[in-house]
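A short write-up of the structure that comes next.
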């Protein structure tokens, strides 16, 4: 779409905001159109989500719900992005690569579970970690060696970099990518629970990307100046549109689950956005719901191994609330509210620095 301006001699399609808008609606329409067809196909192929044997009783009725919906909304976002971005932008190409690679990892994991009808038959934890590290390196190393990405570490509400991580930045960035990817994966346990917080996180990071990529805005707001970063906003918009199309079918009661192909890709992409916008630490606030879910699992496993006692009735924490009697809809909406508030607070750091 950017290159249409060369043919028409109008600058309309050179604006990031215009192309982001087109990407959003293209992805939304694709997702809304393709998802019901995928649901029908998945039901015919019995490609449903295996339910964890110790899951709350209310989850037993979900055993026939199709999974791998992430493949559709990620594909929709990629197609929309490719139709709108500039192909000579290393940030945009790396971002798309991140989205695709982490989706493929999740897809392999999903297929293992679906084909064997066993929730433990996907990728082993060790293999999943290894593939995530490799995918992370493929996305990060070109940026590092091209000197396009600063290795300085920034903290929220402070305008100057804390210090330069130098070569250690690679290990730190891989940690951020993997942690974010798995955190969203852990959160995806209730209908729409991971979808809406992901939309909030993508929106917040998209704003940071746009401001840091604009030299005037970044200088005025004392944000890191990173030329070319704004192009990734188009991919953010496409993914938000695709997620909204997916949410139409994923809201309670869900007609389709995103599966690991969706959750791992979303988490990896959100982590990547935090890295290139220099918001690695602020990601703890931007993705607060994902952090909360992950910490609950760490506490549960650690407490059981050390003290042989459980902190929660079940982890991740959304299952704990199910066990104490909260209905699923109440948990979902309250977690959405927490995600919204945490992202608004993260946005406040733009001016308060």
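Using the three backbone atoms N, Cα and C, a Cβ is placed for every residue, glycine included.
Small disclaimer: the values here were computed from a predicted structure and weren't measured.
Straight from Swiss-Prot, the features:
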| type | residues | note |
| --- | --- | --- |
| TRANSMEM | 22-42 | transmembrane segment |
| TRANSMEM | 65-85 | transmembrane segment |
| TRANSMEM | 88-108 | transmembrane segment |
| TRANSMEM | 129-149 | transmembrane segment |
| TRANSMEM | 161-181 | transmembrane segment |
| TRANSMEM | 192-212 | transmembrane segment |
| TRANSMEM | 228-248 | transmembrane segment |
| TRANSMEM | 256-276 | transmembrane segment |
| TRANSMEM | 281-301 | transmembrane segment |
| TRANSMEM | 330-350 | transmembrane segment |
Give the one range among 22-42, 65-85, 192-212, 281-301 whose Cβ atoms make the most pairs under 8 Å with those of the transmembrane segment (330-350).
192-212
Six or more residues beyond either end and a Cβ under 8 Å away: which residues meet both conditions relative to the transmembrane segment (129-149)?
90-91, 94-95, 97-98, 101-102, 105, 108, 123, 169-170, 173-174, 177-178, 181-182, 226, 228, 264, 268, 272, 275-276
Would you kindly list the residues that approach the transmembrane segment (256-276) from elsewhere in its chain, counting only those six or more residues past its ends and only Cβ-Cβ distances under 8 Å?
35, 38-39, 42, 49, 65-71, 73-74, 91, 94-95, 98-107, 109-110, 122, 132, 135-136, 139-140, 143, 149, 173, 176-185, 187-188, 194-195, 198, 201-202, 205-206, 209, 226, 229, 232, 236, 239, 243, 246, 249-250, 282-283, 286-287, 290
When only pairs 6 or more apart in sequence are counted, do the transmembrane segment (281-301) and the transmembrane segment (161-181) reach 3 or more Cβ pairs under 8 Å?
yes
Which residues of the same chain, at least 6 past either end of the transmembrane segment (192-212), have a Cβ under 8 Å from a Cβ in it?
16, 184, 218, 221, 223-226, 229-230, 232-233, 236-237, 239-240, 243-244, 246-247, 250-252, 254, 258, 263, 266, 269-270, 273-274, 276-279, 286-287, 289-290, 318, 331-332, 335-336, 339-340, 343, 346-347, 350
